[in-house]
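**Student:** First the structure, which I've put down as structure tokens, then a few questions once you've had a look.
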Number of protein chains: 4
Amino acid sequence: MSRGYFSHIPPVEFKGVDSDDPLSYRYYDKNRVVLGKTMEEHLRFAVCYWHTFCWDGFDVFGAGTFERPWHTGVLDQDAADHKLDEAFDFFTRLGVPYFCFHDVDVMAAAATPAEHVKNLSVIVDRIEEKMAKTGVKLLWGTANLFSHPRYMAGAATNPDPEVAAFAALQVRHALEATHRLGGANYVLWGGREGYDCGLNTRMGQELDQLGRFLNMVVEHKHKIGFKGTILIEPKPHEPTKHQYDTDVATVYGFLERYGLEKEVRVNIEANHATLAGHSFEHEIQLAIDLGIFGSIDMNRGDPQNGWDTDQFPNDLREITLAVYYILQGGGFSTGGFNFDAKVRRQSIDPEDLFYGHIGAIDLTARALLNAAAMIEDGTLERFKEERYAGWKEGFGAKMLAGDVDLAGAADYALEKNIAPVRKSGRQEFLENYVTKFVK
Amino acid sequence: MSRGYFSHIPPVEFKGVDSDDPLSYRYYDKNRVVLGKTMEEHLRFAVCYWHTFCWDGFDVFGAGTFERPWHTGVLDQDAADHKLDEAFDFFTRLGVPYFCFHDVDVMAAAATPAEHVKNLSVIVDRIEEKMAKTGVKLLWGTANLFSHPRYMAGAATNPDPEVAAFAALQVRHALEATHRLGGANYVLWGGREGYDCGLNTRMGQELDQLGRFLNMVVEHKHKIGFKGTILIEPKPHEPTKHQYDTDVATVYGFLERYGLEKEVRVNIEANHATLAGHSFEHEIQLAIDLGIFGSIDMNRGDPQNGWDTDQFPNDLREITLAVYYILQGGGFSTGGFNFDAKVRRQSIDPEDLFYGHIGAIDLTARALLNAAAMIEDGTLERFKEERYAGWKEGFGAKMLAGDVDLAGAADYALEKNIAPVRKSGRQEFLENYVTKFVK
Amino acid sequence: MSRGYFSHIPPVEFKGVDSDDPLSYRYYDKNRVVLGKTMEEHLRFAVCYWHTFCWDGFDVFGAGTFERPWHTGVLDQDAADHKLDEAFDFFTRLGVPYFCFHDVDVMAAAATPAEHVKNLSVIVDRIEEKMAKTGVKLLWGTANLFSHPRYMAGAATNPDPEVAAFAALQVRHALEATHRLGGANYVLWGGREGYDCGLNTRMGQELDQLGRFLNMVVEHKHKIGFKGTILIEPKPHEPTKHQYDTDVATVYGFLERYGLEKEVRVNIEANHATLAGHSFEHEIQLAIDLGIFGSIDMNRGDPQNGWDTDQFPNDLREITLAVYYILQGGGFSTGGFNFDAKVRRQSIDPEDLFYGHIGAIDLTARALLNAAAMIEDGTLERFKEERYAGWKEGFGAKMLAGDVDLAGAADYALEKNIAPVRKSGRQEFLENYVTKFVK
Amino acid sequence: MSRGYFSHIPPVEFKGVDSDDPLSYRYYDKNRVVLGKTMEEHLRFAVCYWHTFCWDGFDVFGAGTFERPWHTGVLDQDAADHKLDEAFDFFTRLGVPYFCFHDVDVMAAAATPAEHVKNLSVIVDRIEEKMAKTGVKLLWGTANLFSHPRYMAGAATNPDPEVAAFAALQVRHALEATHRLGGANYVLWGGREGYDCGLNTRMGQELDQLGRFLNMVVEHKHKIGFKGTILIEPKPHEPTKHQYDTDVATVYGFLERYGLEKEVRVNIEANHATLAGHSFEHEIQLAIDLGIFGSIDMNRGDPQNGWDTDQFPNDLREITLAVYYILQGGGFSTGGFNFDAKVRRQSIDPEDLFYGHIGAIDLTARALLNAAAMIEDGTLERFKEERYAGWKEGFGAKMLAGDVDLAGAADYALEKNIAPVRKSGRQEFLENYVTKFVK
Ligand SMILES: [Co+2]
Ligand SMILES: [Co+2]
Ligand SMILES: [Co+2]
Ligand SMILES: [Co+2]
Ligand SMILES: [Co+2]
Ligand SMILES: [Co+2]
Ligand SMILES: [Co+2]
Ligand SMILES: [Co+2]
């Protein structure tokens, strides 16, 4: 039951592309079937709890601007309940199927391990009720191992194992809560798993701690029978100078090193991708090709600013390509599009939370239509198929299969007096092709 | 025998810290013993052939400025010989023990596979003579798989396997030449192993090609009995939009994926590190901790410009830390400090080539003295030892060893009612400590 | 008369939005009237000579890949003529009204001042004929003061005034050629007007040299009766570490300092804007607000790479906003959209030059339609009008007019016991609004 | 009178270069005379109030870690007094001559204009007493126009003039307080004077507001007889996407535009310089050459992270060059070195505040010795003098003086058949020269 913060905003409905109502969907028609599945099934949208309900609009240079009624100064059970009521009211009015949360987002603040367990348990009961009542589901849960001062030097990678023990407590209960609530995934973002100063840090030691911790999480998942996917969310830096889970390629190497590449996948955030010096679609494609693609944190950074701005996405071309690669990779299994995005701190009204989400949802739905049209057309895949055809047979196939050694390949070049005919990569043609579908 | 380009410059000698002669060493006294080895043995300096003898000072916006006498417009055998004479004269006058080269740096230009093999063979004979006469040794050889138009879409990762065959030809002969010349390492830098456009690229396919190619190289190394180390040089981009060997962590994951983590190590370039968003010392420390540290390409980028400027290093603090971490990691085995650095295109005189190298050599020698003093003092290691002591015994040790599971660690936190006492990371203290040793 | 490089490509025609012909326009219908002017009149497209006809596909890491028939190794009069023939054939087939060039792009290479004047004169005669025959016009001319080794340390800012004299020679004749050819503008991009090394540079002295030089250009313009606009093209770095004409704000200050703010305007390049840490539309809006907006170099950079990639634009949202701000500012007077863009070096076919330009032209035409629709709708301007209404009357108007001093304003706050009511900035709402028009 | 937070730390004394006491100075001997002035007179060190006494260690991802005893949750008069006591105790123990503050740093929190004026007045009385008692002086005062939610859309540039009136109130009283306390300068940093979203912003209008506001400040300064310097502190972004006072060149153009270039100077922050894509020394040299150099905010950013990290400086080479350029420019008049730097959030002990400042002070003192030695040696200036000699007489001097027009310069080149002889820029030689002095 809501307390009325959003009560003046009617449920957001699909009104078609010509709608002038800024609180309606123009593209997201959740039951519309595209490539054999409904939009809702393809896109699996989730609202994140932290940015939308916990953040008060503060930044490093200024105090909160939002004045949400549930931000009363102390995060006691009342405030947590109030927040929960409004959150589910928001989910319902927005019409998204999923949400995501950190343990400390939803619960009353706790001072001790015992209080932590208790307060989390109390709110999980209420979340369960809310979910049953509304039909809103949990895309993923996670534990916040970075905001409390105890984690200032890391959680699993802390020089003090007692801190890692506290982290284990949080993860255990967050994972069990996620399991109980039917979550489709469990995420770990290592906000303080990195370093600020190489001079006081043993990187190899800390990586071993992190590898062991992640194995403990995976083992516990199996022990309790959680069927969802364990996901790591890469980020190159911020808050720490260097985060160990830098990007998809780094996480892949880490998983290989600690024997987890079959157990753990990645939750790719757009803004983290660009902070790491990659395009969003690069990270998606790489994760697919390495077999560790899991889920998406949808947002965007500012291409001229160097920190995690977590803005709502609005680049239709970028999201069209993102959806295209995901669909080509088989689409989401347990993952989905979680909006790890926040309205700007000048966007202080309840309406603004709707504008942010509606714009992003509609953009992604539109991107789905574009991507589906490209897939049905097939030009891109045919182009690639033909471009790499030489590796499917003859010398290329043999070399790839390991049937030619270096001397053999060298001799082949010498004997055939090879002078490869270069072919245009057709980049501009292909970019124009995509532009045509971005509509 | 030189043709006289450098003949007016006397051999560079160590003249002590008070020397005012800009063509002398103030710190690099090659026979001075530091921590039980001579400076020469520790630092293993190499001059690179390409920047110093092949580059004519051109950039994307302007023509060459250097007018070296061996740059006659065509790279025929005469020009190659002339260049070789001057190069060894330079090495000798500078007094460095090593050099490095790409096949096409040293040989006359070749139009066909057969010509490539022949022209390389001719020059390798002459190099062998030069080395015997001067005592200069080969730190590493490599094949240039990026400058010729045939490689515009990659070498091993080219969509056309014939191009990969040509690459195999070059690598085979460059590796065999390196072996014959007693090279300590063989390097692969994948200048075009990446992509400019995701729309025409199958990243997974190309990674498989690259993985297979690298395995072929390793197999061939063993077949011919080369005892040196195979090294990959990471770089995040440039010339391509995205290079597959992005950074140390990415290369590690790649090596794991293709079963090569025991066979191949990394050649870390300072400028590539910073282009990838890491500090130079981060990449060194990470490579050591992952067990794949090999060698160093010494230079620096411009912190305000976003491309590979390959300048001579001049940051004493940075290089002090780099040398410190290398020494802490056991020092070089087969690797060394290769100056992959070029004088600016306004530095058009032969003297400038000396100034660039002398400054860098002396800086590194000075850094060695600083690093050795920090090691003898021991404060940094003691600080870390104490900081992580909790993981050496008790709960920490058990957790790291796999003797505690997630529930066990959580219960430990609960039962002990853990409230970890935070300790200062002492970053400023440690930074001041280093500053004191940077002298 | 063409020599046939493009003869297999039929003139590019407008075929409408449903066209599947990649060599047709889907949006650019040059005679279509939008907001009272034809598309051709609004957009004033130009092809640049340098990237499209002079560049052979080389980059810092590799040789040219394009093998244009007029790239014969020496740039003599024959090669220059051949290039000219193909260039005008390209302009004509593409159907653009304008082109742009540097002196050395079009002329045969010259070794002396006298030869420079003569060779330029010869080709300008032929350009004049070509223009008369084809109707293609000159958007702007310029002198290349950065490629020749003489300019390695700057042109007007060179420590040697003789180099500045050579620059004066080139600019005088390029300006006079532009005048004679009816050019609408004359551009100065200071490719080497900056520094690589602060230690050998007197910035204040060099700025004074540059200020004086620019005044000389403006005086000469008036002397010869040239009615076009003198434009400076800002860029923050590359090739030099720091370019004096960093960005629009910097150029504005420079013009003020040397009394030129009424005489000189800016040619804004998209890629230079983003290299300077600004969005393209920021630079446009700022130039308009400062009264120095002139013309556009249309292209895009790579958001993950840190150098000037000069790619053809493909971001419809970005270009829609760019065109919107330009139209809001009154549109071009003498300026236009020059494509300072190059196909990638893997795009080796003559077709690729067409794909690059067609995609960019069509994108901009589409952006014009989007921008016009936003202007007709008027929401954005109404929003701003209302947002700043407080400054139009009462206390705000008085303060802006200088009728309130600091004490007065402070007293006003005190006496009125001011507690300003904050209003949402509606960023997400406005971004969604734009998204709707980007189609 | 202190409350004891720092009472266990003895006054920091100069103990000479061999001192092993991390709480002593090794270089900063305040009475040591260098180039005719004491170190104290040259360097004019100041401690900033905000980072050292107001910040509790929070960041965007986590809560405060410092637990200073005066951080009691509410900033009432008691807390403000407690903070003030500890601050002056710190200044005294550290032995710096100056401090700097924002109004809201020192005063009790205020809810209304009247309360603001009163609370500021109360604390200014106490500051005055403290200053008299300790001899610590005020380098500059400023008003915080960015932290309070009222300023979320700017202060002087706010769309609502009532907010600008509140800003006027704060600035008036902060300026008058600075005057009363004998401050040497008054600083304006426009933390929210910029925009987050171009779509809701009239840049030209906001610049006019800012220009008018700054004129009001300057007029008030003269009215009250304040003899200190008004300073603007440039920054390119953060907190806003784009700050109007981007960098030195931008501020210069702004001052010219609003007729203030003789009245206002710049306070250059190292971290802001690098965020703007410039080196610290570039910004200093440019400000000197433009005649607007004022003061320094001393700190450093992280070269791999893209936000304002405000770390204590530790790069001896960078600071040596900074001090060198400042001394060459005549040294500080009213300005000084203010440490706008904060210890890392893991540096939680009172000692850490000392380590941060001591390291930075000592580094700067050491840089002063280095810079003085370079000045006494004179090589750099002689090199430049000779390099630009051609502009001192003959053709160069005439051209610079305006006695040669473009045609004249072109004819000179033609008639003399100019072929400029290029000279090496000697960058590596000069860099080695500096390296030698960095000790
Ligand atoms: Co995220
Ligand atoms: Co983020
Ligand atoms: Co290298
Ligand atoms: Co490099
Ligand atoms: Co341009
Ligand atoms: Co460009
Ligand atoms: Co500052
Ligand atoms: Co700062």
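Each Cβ is built from the backbone N, Cα and C atoms, and glycine gets one as well.
Note that TrEMBL annotation is computational and uncurated.
When I checked TrEMBL for this same protein, it listed these features:
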- B:His102: active site (ACT_SITE)
- B:Asp105: active site (ACT_SITE)
- B:116-279: domain 'Xylose isomerase-like TIM barrel' (DOMAIN)
- B:Glu233, B:Glu269, B:Asp297, B:Asp340: Mg(2+) 1 binding site (BINDING)
- B:Glu269, B:His272, B:Asp308, B:Asp310: Mg(2+) 2 binding site (BINDING)
**Student:** Which secondary structure state does DSSP assign to B:Asp340 (Mg(2+) 1 binding site), in the simple three-class scheme?
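**Tutor:** Note: B:Asp340 (Mg(2+) 1 binding site) is coil by DSSP, not helix or strand.
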**Student:** Secondary structure at B:Asp308 (Mg(2+) 2 binding site) (DSSP, helix/strand/coil)?
**Tutor:** coil
**Student:** Give me the mean pLDDT over the domain 'Xylose isomerase-like TIM barrel' (B:116-279), rounded to a whole number.
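**Tutor:** A mean pLDDT of 98 is what the predicted model shows over the domain 'Xylose isomerase-like TIM barrel' (B:116-279).
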**Student:** B:Glu233 (Mg(2+) 1 binding site) to B:His272 (Mg(2+) 2 binding site): how many Å between their Cα atoms?
**Tutor:** 9
**Student:** Within 10 Å of B:Asp310 (Mg(2+) 2 binding site) by C-alpha distance: pick out those among the recorded positions B:His102, B:Asp105, B:Glu269, and say none if nothing qualifies.
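**Tutor:** Close recorded positions: B:Glu269.
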**Student:** So, three-state DSSP: helix, strand or coil for B:His272 (Mg(2+) 2 binding site)?
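**Tutor:** Once the DSSP labels are grouped into three classes, B:His272 (Mg(2+) 2 binding site) ends up as helix.
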**Student:** Check the recorded positions B:His102, B:Asp105, B:Asp308, B:Asp310 for any whose Cβ is under 6 angstroms from an atom of ligand 3, and report them in sequence order.
**Tutor:** none
**Student:** Please list, in sequence order, every residue of the chain apart from B:Glu269, B:His272, B:Asp308, B:Asp310 whose Cβ lies within 8 Å of the Cβ centroid of the Mg(2+) 2 site.
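**Tutor:** Residues close to the Mg(2+) 2 site, other than B:Glu269, B:His272, B:Asp308, B:Asp310: B:Lys235, B:Ala270, B:Asn271, B:Leu275, B:Asp297, B:Asn299, B:Gly301, B:Thr309, B:Asp340.
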**Student:** If you check the recorded positions B:Asp105, B:Glu269, B:Asp297, B:Asp310 one by one, which have a CB less than 6 Å away from any atom of ligand 4?
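**Tutor:** Within range of ligand 4: B:Glu269, B:Asp310.
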**Student:** Restricting the comparison to the binding-site residues B:Glu269, B:His272, B:Asp297, B:Asp308, which residue's C-alpha is spatially nearest the C-alpha of B:His102 (active site)?
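**Tutor:** Closest recorded candidate to B:His102 (active site) by Cα: B:Asp297.
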**Student:** Please give me the recorded positions out of B:Asp105, B:His272, B:Asp308 that lie within 10 Å of B:Asp297 (Mg(2+) 1 binding site), comparing Cα atoms only.
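**Tutor:** Checking Cα-Cα distances against B:Asp297 (Mg(2+) 1 binding site), the recorded positions within 10 Å turn out to be B:His272.
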**Student:** Cα distance, B:Asp308 (Mg(2+) 2 binding site) to B:Glu269 (Mg(2+) 1 binding site), nearest Å?
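**Tutor:** Just about 10 Å between their Cα atoms.
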**Student:** To the nearest whole angstrom, state the Cα distance for the pair B:His272 (Mg(2+) 2 binding site) and B:Asp340 (Mg(2+) 1 binding site).
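**Tutor:** If we compare the Cα positions of B:His272 (Mg(2+) 2 binding site) and B:Asp340 (Mg(2+) 1 binding site), the gap is 11 Å.
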**Student:** Under 8 Å between C-beta atoms and at least six apart in sequence, can you list the same-chain neighbours of B:Asp105 (active site), or say none if there are none?
**Tutor:** B:Tyr49, B:Trp50, B:Phe53, B:Cys54, B:Asn144
**Student:** Going by DSSP, is B:Glu233 (Mg(2+) 1 binding site) part of a helix, a strand, or coil?
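**Tutor:** DSSP call for B:Glu233 (Mg(2+) 1 binding site): coil, neither helix nor strand.
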**Student:** Roughly how many Å lie between the Cα atoms of B:Asp340 (Mg(2+) 1 binding site) and B:Asp308 (Mg(2+) 2 binding site), rounded to a whole value?
**Tutor:** 11
**Student:** Can you check which residues sit near B:Asp308 (Mg(2+) 2 binding site), meaning Cβ under 8 Å from its Cβ, same chain, 6 or more apart in sequence, and list them in order?
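**Tutor:** Result: B:Lys235, B:Glu238, B:Asn271, B:His272, B:Leu275, B:Gly301.
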**Student:** Give the sequence-ordered set of same-chain residues, not counting B:Glu233, B:Glu269, B:Asp297, B:Asp340, with Cβ within 8 Å of the centre of the Cβ atoms defining the Mg(2+) 1 site.
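**Tutor:** Those within range, site residues removed, are B:Trp189, B:Lys235, B:Asn267, B:Ile268, B:Ala270, B:Asn271, B:His272, B:Ile296, B:Met298, B:Asn299, B:Asn338.
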